[in-house]
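Peer 1: Supplied in structure tokens, the structure appears directly below.
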Amino acid sequence: MAFLKLRDQPSLVQAIFNGDPDEVRALIFKKEDVNFQDNEKRTPLHAAAYLGDAEIIELLILSGARVNAKDSKWLTPLHRAVASCSEEAVQVLLKHSADVNARDKNWQTPLHIAAANKAVKCAEALVPLLSNVNVSDRAGRTALHHAAFSGHGEMVKLLLSRGANINAFDKKDRRAIHWAAYMGHIEVVKLLVSHGAEVTCKDKKSYTPLHAAASSGMISVVKYLLDLGVDMNEPNAYGNTPLHVACYNGQDVVVNELIDCGAIVNQKNEKGFTPLHFAAASTHGALCLELLVGNGADVNMKSKDGKTPLHMTALHGRFSRSQTIIQSGAVIDCEDKNGNTPLHIAARYGHELLINTLITSGADTAKRGIHGMFPLHLAALSGFSDCCRKLLSSGFDIDTPDDFGRTCLHAAAAGGNLECLNLLLNTGADFNKKDKFGRSPLHYAAANCNYQCLFALVGSGASVNDLDERGCTPLHYAATSDTDGKCLEYLLRNDANPGIRDKQGYNAVHYSAAYGHRLCLQLIASETPLDVLMETSGTDMLSDSDNRATISPLHLAAYHGHHQALEVLVQSLLDLDVRNSSGRTPLDLAAFKGHVECVDVLINQGASILVKDYILKRTPIHAAATNGHSECLRLLIGNAEPQNAVDIQDGNGQTPLMLSVLNGHTDCVYSLLNKGANVDAKDKWGRTALHRGAVTGHEECVDALLQHGAKCLLRDSRGRTPIHLSAACGHIGVLGALLQSAASMDANPATADNHGYTALHWACYNGHETCVELLLEQEVFQKTEGNAFSPLHCAVINDNEGAAEMLIDTLGASIVNATDSKGRTPLHAAAFTDHVECLQLLLSHNAQVNSVDSTGKTPLMMAAENGQTNTVEMLVSSASAELTLQDNSKNTALHLACSKGHETSALLILEKITDRNLINATNAALQTPLHVAARNGLTMVVQELLGKGASVLAVDENGYTPALACAPNKDVADCLALILATMMPVSSSSPLSSLTFNAINRYTNTSKTVSFEALPIMRNEPSSYCSFNNIGGEQEYLYTDVDELNDSDSETY
């Protein structure tokens, strides 16, 4: 809030603050602006209301002052008057229709302000004008909340008497009693309780009023609530009881009261902490701790992470409390889950007095903690020299390593405190001792850029060229982390060898380049020329073989965008076109990552622009175009020779323009087009940049291509134009632009691809309704052209009902009975795939339900053969499909359902059959449905057939009855026939005898060799549907692989 000087305000405002109505009247008469606003939008009326001057308020309003004017905080004059507890001012404002429901930016009404400021008389004037006294502010608090928080008993009584909801809660679910308890307003708490407030209510975090009172130390409220019998051990959402909360906040009087009333002193919260843990840690918890310990609190109780109260004192440096806990029987060397004792914790946080106390009490200074470290490790790592000194005085082997082989000197070197390091060195620490990774303290000092420690270690005789397990020297680590070069320079001056390579073949130059440390590179170059370092493998490496890395420092600097480091490198390294294992140059990597400065540096130094990598045969121009780095692209093209570099092709024939369009980089597309890129260049699949834009749907890129004359009807190797691809992918914006372009060239966009499919086929097949609608608006697509597997076939086979309906509405109902090259209608397609909605649509437009294809199959047969039960049910029930029809192999729909084991479909058909002749109808192999169902083990179908009079004695072309047809092969069938003949001897004239002997007559004629033919199996004609999900030959599967733009067509039928 800005404080303004009164003398700088208008005369009218000054007169108001002087309380002079006559002067105000005179100024108003002189046409002073009564609605003037200061820089916080406060008007003179706000000032009068703030002062509570009713006469001046009246005068201003009558002179045209806006009674509901809002300042920058949305406060009205009524808010101001109420805040000043001026009843007269409020009455005047209300008389002139001041808005009692006006809200400020905190959504507080004048009633909220009155409740907070104990303006009872003002509230009495406001309440009768309000429809609801329970309106809440932005925090969800009602006027009752504010009154309770402020401790205004009279206001609370008034609000309750006028219908205030005593249990209303704010956005944290806190009620008025929570706030009154927290603030210690005992009379208000009693008043609320007497009016039915819940004393055990909980907020969102399950804090009760007792928690609230305990946290703020309001003992009178605590006692009152305890007298009412509330549960003193009730946990909140974190498991903290009121005793926990009181200890955490250091409210010793409340703690004493709770303990006296029987609170559980060892109650654990969700993390396993007891009140004693909180008392040990909190700022003002000393007296609380004394009370807890004196009342039986367990000093060795552990939290879930294994910490005892003694750990907590060590963590927060509570020296006197640690003594109390130790005297009460605490275990000195108890471990937490990381294995750390209180001594470890105290050492880690540098609490010297606590360390003294713990050691005096017998703490083991040689006890291992996390990762096997001693307390001395932690003190040295954190740089607490006084703590180190105390721990050293206890006496133990200073070079004892932790679990990773690191000594205390390693820790001190990593921590960077010179005093700790010197203390350890003077005590005799071994500065050449290595950890399990082969690193000495000098490695750690270099890695952390601790110059003073590094200086001390080298001065003590530490080897500067020692290798760790990765083959790295301290110089490698300094090159990685040293931004100002001090550590690296000192190592170089002390004979560190910059040519030594690690096991990956990297030396200090590589590391400096990778992290962009220009100063380090300059320092190394001043010692040894960089090109010399790159040619040598190091010096005294154990292996004689050259272990140089395939990645050069130039690659590393370029890839990470360190152009300043790159500037140093290009001055010394002559081969700027050095390649990595995949054949990429530093310029390629810089262009790929979009590092313009690096690209500029390399080009200016003569790096080759048109060099191709080994794998994709791409140049840096391709790399920049792929990732949309337009600035890099302009630099590369502008400096490339010859000029046709803009259309350079990669291994797949792709130009930079194609890659830019493919990835939707409009800026790059325009840059390339402006440089003369061939807009119709083709790759090895015959696809142009426009084909790619059609597939990816990048409209801006497509527009740019069309503006530069791209041909929209160029065909790829499969005969597909960009119009085909945009329709197949559903990119309506791109399709519209292409159709418009075709129209402007007076070209026919309805051309078919190599398999006869038009864009309409593709759009229908993939269900892109908006594209279908757009294409059908073109007169040329309203003609039946292309593959006989029509767009309607394509739509229904993939259940694209919307597209199918558009086709029928636009092209007429006659298309529902169109046939493909194998005589199949759209109804066949819908039946094959069980798309009921499409089936219903076709039937509603008089599709011929009994039409047959070239194999004699009806849609019902197609559905029955493929087990499409929903379609079968619809066709036999709603569409009354003919059940007596037979295909070219004399199979009925019932035969086909049974032959494929589709029991449900067979039962649905059987349900509609009443003709016994149809039940016993035979196919070309003389098999009845009973033969086929029995052979396939369809028990329920067999039972139904028998119930409908199916003949059990009918014989097929092999002389087998349905019973014998159950045999898995002919040999078993003939054996079964022999057994049946022996079991049931009957006269030769009986039907059973003749049937049996027909089956076994080959056994009774000894002059012939027994030879059984295989039982004919129900099989489809070669032209049957194999997979109606594809369109092959004339019905090629409509499919586009957007990513590869190189799809394959599989035969369907």
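Cβ coordinates come from backbone N, Cα and C, glycine included.
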Peer 1: From Ser72, Ser1007, Ser1027, name the one Swiss-Prot lists as phosphoserine.
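Peer 2: With Swiss-Prot as the source, phosphoserine is noted for Ser1007.
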Peer 1: From Ser150, Ser463, Ser1011, name the one Swiss-Prot lists as phosphoserine.
Peer 2: Ser1011
Peer 1: Count up the helix, strand and coil residues in the repeat 'ANK 3' (106-135) according to DSSP, in that order.
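Peer 2: Taking each residue of the repeat 'ANK 3' (106-135) in turn, the totals are 17 helix, 0 strand, 13 coil.
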Peer 1: State the non-local partners of the repeat 'ANK 3' (106-135) in its own chain: residues 6+ outside its ends, Cβ under 8 Å from one of its Cβ atoms.
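Peer 2: For the repeat 'ANK 3' (106-135), the far contacts come to 76, 78-79, 81-83, 85-87, 90-91, 94, 100, 141-144, 146-147, 149-150, 152, 154-155, 158-159, 162-165, 168.
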Peer 1: Mean pLDDT, the repeat 'ANK 18' (616-645)?
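Peer 2: On average, pLDDT over the repeat 'ANK 18' (616-645) sits at 93.
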